[in-house]
């Protein structure tokens, strides 16, 4: 069974950077050694945002974006190797999620698409890459998402305590770690995505630091109720979503009914939307004793306070409190999934994704010997 140093690379729906994590992984433990966040150039970020909102590209433009993202991921890996004084031979493999540009797991021809050419990463780092993690699960009737609950279960499940892990990235997703029950998990809806999109358009800021804008505003209850009427929120699990659905266009359609509102009030309402949709799903799933939050949303003081208020009797903490960096959780998960793929072990959980069976995930792009 393969063990040793692995690197995980994650560029999520929030597009706030490329997260790269170095870890030692074997069948007994996952030990994080180092991490860094690598910036995404504004031009690349905008190109991804455009395609996620349905802007048409030529095949040439799409191919260039795929190559540019692959090079970006390779640069991020090489920066971490240099920082840690490591060589390619010191790493077993890279687990690279890729950049999701479309996710449509239902319908006549279900599909998901993550780009960032893994061949570029192999060529520029000299390290074997495991990528394309989601499509095997979709081929078996699943949603291909979320995949991280399997990792949450391996690291954070407790024999007697009802726990849930909440990742608040661009999209928020919940892992249900309930003793005596199959692991559950699904996307609850928007996490930081709509908040980030709004303040970017209104103030040119990538995110609402310390929730300053949201805390200066007031929740617009009619707007909140209008957004909560979206059918996604009442869909049963398994379910997954992404930027192709919850994007700035979605927000604009709801705002048409509310002209002239204060931008800070909209920011406050979007924060409340995230908190309410998450807390409702926690309660519908039977509640928990401890809710452990990871992802960028864990640094949003307003979100954390609202979750605690909406979930009385639940201890709301970040995963940092149990020794796992919330900022690095997803990248670490894909390093772990790469290890499982090379070990020939399944990486999905049918109880989470809805797939017909467990399966080894991903495609292997081997480095030259």
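The backbone N, Cα and C atoms fix where each Cβ goes, and this holds for glycine too.
Copied from Swiss-Prot, the annotated features are:
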- 12, 13, 14, 15, 16, 17, 18, 19: ATP binding site (BINDING)
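Shown on the structure are the features that Swiss-Prot records.
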residue : record           : CB count, 10 Å
12      : ATP binding site : 24
13      : ATP binding site : 25
14      : ATP binding site : 21
15      : ATP binding site : 21
16      : ATP binding site : 21
17      : ATP binding site : 19
18      : ATP binding site : 25
19      : ATP binding site : 25
8 Å Cβ shell about 12, 13, 14, 15, 16, 17, 18, 19 centroid, ATP site members excluded: 10, 11, 40, 169, 170
Local backbone state of residue 19 (ATP binding site), from DSSP in three classes: strand
